[in-house]
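Here's what Swiss-Prot has on this protein:
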type: MOD_RES; residues: SER8; note: phosphoserine
type: COILED; residues: 30-139; note: coiled coil
type: REGION; residues: 183-202; note: region 'Disordered'
type: COMPBIAS; residues: 192-202; note: compositional bias 'Polar residues'
type: COILED; residues: 198-227; note: coiled coil
type: COILED; residues: 256-344; note: coiled coil
type: REGION; residues: 290-348; note: region 'Ubiquitin-binding domain (UBD)'
type: REGION; residues: 373-394; note: region 'Disordered'
type: ZN_FING; residues: 398-430; note: zinc finger
type: BINDING; residues: CYS406, CYS409, HIS424, CYS428; note: Zn(2+) binding site
Amino acid sequence: MSSGDPRSGRQDGAPRAAAALCGLYHEAGQQLQRLKDQLAARDALIASLRTRLAALEGHTAPSLVDALLDQVERFREQLRRQEEGASETQLRQEVERLTERLEEKEREMQQLMSQPQHEQEKEVVLLRRSVAEKEKARAASDVLCRSLADETHQLRRTLAATAHMCQHLAKCLDERQCAQGDAGEKSPAELEQTSSDASGQSVIKKLQEENRLLKQKVTHVEDLNAKWQRYDASRDEYVKGLHAQLKRRQVPLEPELMKKEISRLNRQLEEKISDCAEANQELTAMRMSRDTALERVQMLEQQILAYKDDFKSERADRERAHSRIQELEEKIMSLMYQVSQRQDSREPGPCRIHTGNKTAKYLEMDALEHVTPGGWRPESRSQQMEPSAEGGHVCTAQRGQGDLQCPHCLRCFSDEQGEAFLRHLSECCQ
């Protein structure tokens, strides 16, 4: 059992290192988020300070505020570069290396099981490889610590420059307030200016307080750097312990312990693979649902446009139909009025009767041209008589001099039945 203790310590060290790296990565992300929030609050304070100082109509304060804004923009750009820097990439690479190392250990375990006669030599080679990998991980962590230290120094320099600008701004405001106090009597406008200076000083104090808080945050980052250094020291101790175990290694591992360790690593690998597969399935389902929703939205938009166009065209058709009906009704009323005038002005006699029949015929033809839909026109008198003879209607031959006749069914109406004739005409011609 003493031979299994070094191997268990070596195998438990990799998860501990990965957990430590993940914890430090999350702490760095939270620290960056807090710094972003503080920068947003300070931007708001600077904007309010700029609006208040605009009322002073000075030349020094606006330029200082512009310089302060430039400093804040540079600070924000540095934070953005820090977010997009190499720290996150290095941490991800470290996690990937740990995963690859687990896979390599599994393959080496399988090789050891297949060749039991060289277990001791292969175990020594495996330990040497693990030591080399630890050295590589140490080098990567050193690079990461150096990058974090550089970023910390940059933040401290930026904070110092910002504090210097704030102090200079406060000094200028104090000088202006002293100059205004020595001017003698103060007008109402000067009193307002003094109050605005006091408010500007209060804002500057708030800004200084924010700078103090940012310095505290920088101190916290330095503490994180110290944690990294302690982690490096503990890792060095772990590597030294591995070297000592390698030197003291003389008895090969028992086959049962090796089998248990291989099975445990296989279970871990299967769990990781299943988690990755589930994540890929969820991502695929989300993408498919998003594409389906987008297609549905586009289809609904096209349907809405089509319905809108149909509604507009139908409304235009209805308006044209109503206008056409009104025009036809007006023409029919005018024709009826002309017919009534002609009937009132005619006199009895064979000659007058003949003229009246002819006039009624022309009026009837004119009414048919305006009322009958589909472009139907009576061509001749003989064509009008044919359907009446076939259908048994003989009212055309028996019409009086002022009678009205339907052009569709050849039904006759007297002069007093003008309204009935119009109703029949509208129903028969539909």
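Backbone N, Cα and C atoms are what each Cβ position is placed from, and that goes for glycine too.
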Remaining residues near the recorded Zn(2+) site, that is with C-beta within 8 Å of the centroid of the site residues CYS406, CYS409, HIS424, CYS428:
PRO407, HIS408, LEU410, ARG411, LEU425, GLU427, CYS429
What residues elsewhere in the chain lie close to the coiled coil (198-227), defined as a C-beta under 8 angstroms and at least 6 residues from its ends?
24, 27-28, 31, 34-35, 38, 41-42, 45-46, 48-49, 52-53, 56, 61, 145, 148-149, 151-152, 155-156, 159, 162-163, 166-167, 169-170, 173-174, 177
Per DSSP, what is the helix/strand/coil residue tally across the region 'Ubiquitin-binding domain (UBD)' (290-348)?
56 helix, 0 strand, 3 coil
Residue, out of the binding-site residues CYS406, CYS409, CYS428, whose Cβ gathers the largest set of other Cβ atoms within 10 Å:
CYS406
Once near-sequence residues are set aside, which residues in the chain of HIS424 (Zn(2+) binding site), 6 or more away, have Cβ atoms under 8 Å from its Cβ?
CYS406, ARG411, PHE413
